[in-house]
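Below: one structure, written as structure tokens.
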Amino acid sequence: MNAAAKAGKLARAPADLGKGGVPGDAAPGAPGAAPLAKEIPEVLMDPRSRRQYVRGRFLGKGGFAKCFEISDSDTKEVFPGKIVPKSLLLKPHQKEKMSMEISIHRSLAHQHVVGFHGFFEDSDFVFVVLELCRRRSLLELHKRRKALTEPEARYYLRQIVLGCQYLHRNQVIHRDLKLGNLFLNEDLEVKIGDFGLATKVEYEGERKKTLCGTPNYIAPEVLSKKGHSFEVDVWSIGCIMYTLLVGKPPFETSCLKETYLRIKKNEYSIPKHINPVAASLIQKMLQTDPTARPTIHELLNDEFFTSGYIPARLPITCLTIPPRFSIAPSSLDPSNRKPLTVLNKGVENPLPDRPREKEEPVVRETNEAIECHLSDLLQQLTSVNASKPSERGLVRQEEAEDPACIPIFWVSKWVDYSDKYGLGYQLCDNSVGVLFNDSTRLILYNDGDSLQYIERDGTESYLTVSSHPNSLMKKITLLNYFRNYMSEHLLKAGANITPREGDELARLPYLRTWFRTRSAIILHLSNGTVQINFFQDHTKLILCPLMAAVTYINEKRDFRTYRLSLLEEYGCCKELASRLRYARTMVDKLLSSRSACNRLKAS
């Protein structure tokens, strides 16, 4: 999140400047003022519009700002509010930077650009009211998923290009396109945000000289300081495309100097498994000579977009596990691909539905990946426990909070009937699953009809309640028994959810294994999440090795998510520390049982 300007400068700006706003990239963990949250008023008043906002939950922090949910007192509409203390913004360049952000961003309005809804100040703070992007950014998606499928990458890249085309038509160079500045709304639509480094081209042929950008995405002409223009955004999109498909940035090293050297030398390699058409477009965008790169307006005419399958929508499940594309095999076949203009009509041309029972089963998540996740989690917990986080002179647990790491899925209910059938559970999206005693799994989606069946070897197949083989009849009957047992009223509400386009591509994480101790039940999901529910006080831990984070639900049902590395730095209360020690023992037990199981299979 970029620093805002001190209000003294803003007060001298034109009166209507206060109606603008600028999105900020909430980079949790960046240095900020610790006492900020205590000083911010609970009710915020925009003196121009007389709109009143009530401050809600913390969303993130970065630079000089903190971000909170704020709700309009009259309409109850919720926005993210970026709040900057004036006391921290005293330098002239900070004021200039904020003025530039506002003057640029207030002039923009596009489907794929973060919107703003207000900008005002009081004697102590500057407030910016933004468009809410509930699904965070592509950075969190990248941390959870690493390399995406090609159709997903194409889906996101197309929207990034459309947003950037709009910027360039309006003579704006973003200059800091990166995963963390590409936000996602509830429909997984991309919104370009954070215009802190953006600039306006004042005349044709103007070359900017400022050194700016993020190391992994910075263009060589910016590093050389010979002048740069619109082409830097195309370079950044090339880096983004590489990252989405390969799982890491093209020039990334552990040393900043080495990264810059690689960028200047154009030293990167594309793995052989990447589609040659995709590799070709990456190479076109990552040319050292900016004039040799395609313009932003030429990109969507590339074969990567015109001949490849682009989903009209993606399901929320894609944030944590790959989707399934077997429902549209003809669209994926190069010999029968629709042109971009047809695919991009979205809702007007939904993908053809196909009988679910004919879908090819999909096998995902190897044992090696699962063990790797558990090993990572064990190492993360070992590290935080070794720091003795509760034994500090000053514990600042709130500084370790990172809402961007909130889990996508967790188990909200469970019932143990393993003496006869298995363990039933409900996920937070109201889908219901059963891990049967024969090690097969069956999941009923929250639409009340779609089914996902996972065989003992991990092979997945997709069916419906109304269309399934007779061999599954008993298991579907048992699943319905579990479903009714786990609060019929709540699940009826879930079953009434209107299916949205893209849901036909959904795959849900499933329960891989579980066990009980005297103190807790331990649940291990296929997306790497480990959940521990404590019996005595009903507290819960939800651990994610991919985000290196823990969500703690205390006795009062307060839901807080922390980065483990920040708990190591800032400390935590004794209650959380003791549960983290217990969690390490349980993860070690999970890992040991998997290793023993694999040794048995090998012998």
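Cβ coordinates are placed from backbone N, Cα and C, and glycine is handled just like the others.
As recorded in Swiss-Prot, the features of this protein are as follows:
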type	residues	note
ACT_SITE	Asp176	active site, proton acceptor
COMPBIAS	1-15	compositional bias 'Low complexity'
CROSSLNK	Lys19	ubiquitin cross-link
CROSSLNK	Lys338	SUMO2 cross-link
CROSSLNK	Lys492	ubiquitin cross-link
DOMAIN	410-488	domain 'POLO box 1'
DOMAIN	510-592	domain 'POLO box 2'
MOD_RES	Ser103	phosphoserine
MOD_RES	Ser137	phosphoserine
MOD_RES	Thr210	phosphothreonine
MOD_RES	Thr214	phosphothreonine
MOD_RES	Ser269	phosphoserine
MOD_RES	Ser335	phosphoserine
MOD_RES	Ser375	phosphoserine
MOD_RES	Ser450	phosphoserine
MOD_RES	Thr498	phosphothreonine
REGION	1-32	region 'Disordered'
REGION	338-361	region 'Disordered'
REGION	493-507	region 'Linker'
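Taking the Cα atom of each, Thr214 (phosphothreonine) and Ser137 (phosphoserine) are about 16 angstrom apart. For the pair Thr210 (phosphothreonine) and Ser269 (phosphoserine), the Cα-Cα distance reads 29 Å. For Ser375 (phosphoserine), the nearest neighbour among the listed modified residues (Ser103, Ser137, Ser269), judged by C-alpha distance, is Ser137. Within the same chain, residues at least six positions away from the residue listed as 'active site, proton acceptor' with a Cβ under 8 Å of its Cβ are Asp194, Gly196, Leu197, Ala198, Cys212, Gly213, Thr214, Tyr217, Ser236. Within the set of modified residues Ser103, Ser137, Ser269, the entry lying nearest in space to Ser450 (phosphoserine) is Ser137 (CA atoms). The two recorded residues, Ser103 (phosphoserine) and Ser269 (phosphoserine), show a Cα separation of 40 Å. Packing around Ser137 (phosphoserine) is summarised by its Cβ count: 23 other Cβ atoms lie within 10 angstroms of its Cβ, all protein chains included. Ranked by how many other Cβ atoms sit within 10 Å of their Cβ, the modified residues Ser103, Thr210, Thr214, Ser269, Ser450 place Ser269 at the bottom. DSSP classifies Ser137 (phosphoserine) as strand under the three-state reduction.
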